[in-house]
Amino acid sequence: MISLHSSAIKASLYGSFPSSLRSTLSVSFSAGSLIRLPSVGKRNLSVVVSSGRDSSMSSNNVSRGSSSKVAAESFFRSVLGQMETVYLNRNPTPKSVLELVRSVDDQQLCYDHLAFRTFGIGGYGIDSLASFFLDYGYTPMDELKFPAKKLRALWFAPPNASAVPGGSGVNGPLPRVFISELLVDQMSSQTQDVIRKYTEASPNGKKYAGLSSALGTLTWEKPLSSEFEQLARESEYAAWTLVNGYALNHVTISVHRLKSHLNKIKKLNQFLEEKGIKLNSEGGVLKVSPDGGLQQSSTVADSISFKFADGVTKSIPCSYIEFAERLVLPQYQNIPESEIQESHRRDGFEVGNADKIFESTFQEQLSRRTG
């Protein structure tokens, strides 16, 4: 098992970024230390403006502040890019879907949101990943509750940031972020014991949530196959998180931002199914919010071979790709289509939709791949 406290790993990640960014980072490679990243938040970019002989100093400070912000955003996108790379390398279906969509719509492809799963215990829950996004200017928005699945989630709105010219995916408009957590204290004592066994054995792992996702490694040791099966019997979400950790659970294509005829989710669903892509059928392929403004669908998750600590190798669920169309709000229906902005469309998430999309990694849906 690779340790995220390894100085070699930190050095490798640090060296993977452009030299223009490395100078902005304060990095310590001693065991157990954190990589300190430049912040986008206003609190770390404030400049004191003075007059007279200090004017040149103020000008230099402004220049440095602007440069730091650009470097920070570039670094942030690079980390998202590493998360995306791990995700696409492990999951052939999302990679195929992106290629299929681009074969028809080769212009800018935007992500609506990125999603992650966590264990809500001992600091390993939503906050462990949220801190990475909050440091870069994201804003916490609404809480969603899923009592039947014993889950809760928070979504985060992105800061205003300039997309890379012509950039797609993580280099396009910054996506929303959706982070969920298992309410561990509501699970059976047996399930709680398994989860605590791994999270408590790695008490500092929660500090490296973003790094774990970017490197594609767990922050705890590989579990026993019997423990995975035990969790799966009570919560398939719990079992998924035990073996996938902070891996990107899914990315979501912003359907209405596509430029071709695929910019309507029903047409996109039909196109993908005709190409042999299996879509999550739980609650119907198309999930629609009560107000009709948020329409979503998703593929069935891919499976990968996983070798457990006891030497047993099994197929486990991995990740999937989602699609979201956000309709124009009623009060903006009279605005010309060419003038419609994202702020004119339905924002946020819907519990009923998300509840069914969670099941993209569940066995009932996975079995449809071979059905």
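Glycine too: its Cβ is placed from the backbone N, Cα and C atoms.
Marked as transit peptide by Swiss-Prot: 1-50.
The Cβ neighbour count for H113 (Fe(2+) binding site), using a 10 Å radius and every protein chain shown, is 19. Annotated Fe(2+) binding site per Swiss-Prot: H113, H250, E322, in sequence order, evidence recorded as similarity to another entry.
The annotation 2-oxoadipate binding site is assigned in Swiss-Prot to H113, R117, Q296, Y320 on the grounds of similarity to another entry. Just so you know, the Cβ of R117 (2-oxoadipate binding site) picks up 27 other Cβ atoms within 10 Å once every protein chain is counted.
Take the mean position of the Cβ atoms of H113, H250, E322, the recorded Fe(2+) site; other residues of that chain with a Cβ within 8 Å of it are Y111, D112, L114, A115, F178, N249, V251, T252, S298, I321, A324, I357. With respect to their backbone Cα atoms, E322 (Fe(2+) binding site) and Q296 (2-oxoadipate binding site) stand 7 Å from each other.
Around H250 (Fe(2+) binding site), the C-beta neighbours below 8 angstroms that are at least 6 residues distant in the chain are P94, L114, A115, S298, S319, Y320, I321, E322, S360. When Cβ atoms from all protein chains are considered, those within 10 Å of Y320 (2-oxoadipate binding site) total 26, not counting its own.
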